């Protein structure tokens, strides 16, 4: 225990003596957070879409076309997502679609009723639109498909001599829900989390420098002869540097909360995640140093991890990577922080904290084993 505490104390003193660089980096990351949060603020604004304007025209020689549109436009389920308008001619409908006045034009030709009679109840409704993607196209497709499926179901049930219960074909065609009521995600909140984790990852440099002196410098030979175990050195330095990154992360949370009005939610849980991720970053740097035994190689690997983990964890771009993001510890720390900030997924927070500490344990075992191998 005395040896462990000695490593802990000297690591703290060393970090305090070199506090200038971490403090300058802290200020830099607060500035980056402000720039990113301002630049991408519009990308995180929740906007409700309006109703899609749909025109319709029946040129059917019979009564089938008029009956189709009469039932379609009178269906209550579609009233919340679309408005219907009878157009005077096909050319007018196409023009209004091209001008963006209508999302789509529904058109039945003169032989619609004849096709129904001759084709065993099958006829075509033509849908014309200028937008082949986006919300309007989805709405029109859902409305037409939903009505057709319902009508076909009613026809099939009627052919079997059965009767559908009242309300069987009613309801909401599209459920429009907003995440704003649960998670009011803003660009500042998102990038504050991303840059906090990026900042904490630099703790890997603490870890690598912390063990390099005793394994590469003038103290290397004395370290091998000293009556100590590698795990004591690893644990003592890990604990000390983890407190340093915790303080750095705490200052970041405080400054962004006061100056940028970032809401951090459950602060104690947030700080637990900060401490856990900081410990992981430090353990990563120490393990890489013990494994390579080369400061230059270790520095290069740390830089790759810094950029790669932050990128995959969505720190630079708010997007997914088809599951590849799961290999980045930033992803688990990010989701844990969001759970603590919004208070809606604390189970995820606790699970991911456990994942982070499991990674710390694995890195510790690997680092100690690699150090023993090199010493031998």
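Just so it is clear, glycine is given a Cβ too, placed from its N, Cα and C backbone atoms.
TrEMBL entries are annotated by machine, without manual review.
Of the candidate ranges 301-321, 322-342, TrEMBL annotates residues 301-321 with the feature transmembrane segment. Taking every listed stretch (188-212, 233-255, 354-371) in turn, the largest tally of C-beta pairs under 8 A with the transmembrane segment (301-321) is reached by 188-212.
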